[in-house]
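Undergrad: This is the structure I have questions about; it appears just below.
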Amino acid sequence: MLKKIMTSFLVLGLVFPLFVSNAEANTTHQVRSGDTLWLISLQYDLSFSDLLSANRQISNPNVIYPGQRVAIPTNNNSQAAPQQTSAEQVSSQLSQFEREVIRLTNVERQNRGLTPLQIDEEVSKVARIKSQDMRDRGYFSHQSPTYGSPFDMLRSYGVSYRAAGENIAAGQRTPQQVVQAWMNSQGHRQNILNRNYTHIGVGHVQGGSYGHYWTQMFISK
């Protein structure tokens, strides 16, 4: 069984990448590091010539810069950007697996004299959407092709915070396995034991290439 884990964290004071709303993403693409016009055309299922025709302001198609806006033609032969899931479409009720991950996380904190994290249902919704997105779009990364970074994603769903972090994992079949895997990794353990975090959300989904996808999101309010 393939298994992966990854961690990310952020404190306020760092620059947040700009979030492109769903409506805006249907007509424009914000260039990110590593993007090329060719890759953008593949992402939106466009012909390269159609993308060039819609962006005549780009004098050299081999040179684009992060933050630059690229027009995405919307016609019968092209597809809009990946659609986002609204928080209202996701149940606020945590599954037994998700609650167990939170319980085990707080056991680790309390064993070290730290305050247990409070469950934030809105953060859990976002975490579940992230796990679904990884499963459905076949990637494993903090950077979502649909939502951007986890910090952008939280803000786009109306979650405010002073600091935030994310742990992700794939392939572990039980809450015990995934929490143990995170605790065995320094970066993930630092997120779990960060004394500055006050709230947690967990999202777990089944299916996809790895069978199970897990997301922990931490925030301090």
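Positions of Cβ are set from backbone N, Cα and C atoms, glycine also.
Keep in mind that TrEMBL annotations are predicted by a computer and have not been checked by a curator.
Summarising the annotation, TrEMBL assigns signal peptide to 1-25. According to TrEMBL, the feature domain 'LysM' maps to 27-72.
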Undergrad: In the predicted model, what is the mean pLDDT computed over the domain 'LysM' (27-72)?
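TA: Summing pLDDT over the domain 'LysM' (27-72) and dividing by its length gives 78.
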Undergrad: Please list, for the domain 'LysM' (27-72), how many residues fall into helix, strand and coil according to DSSP.
TA: 13 helix, 6 strand, 27 coil
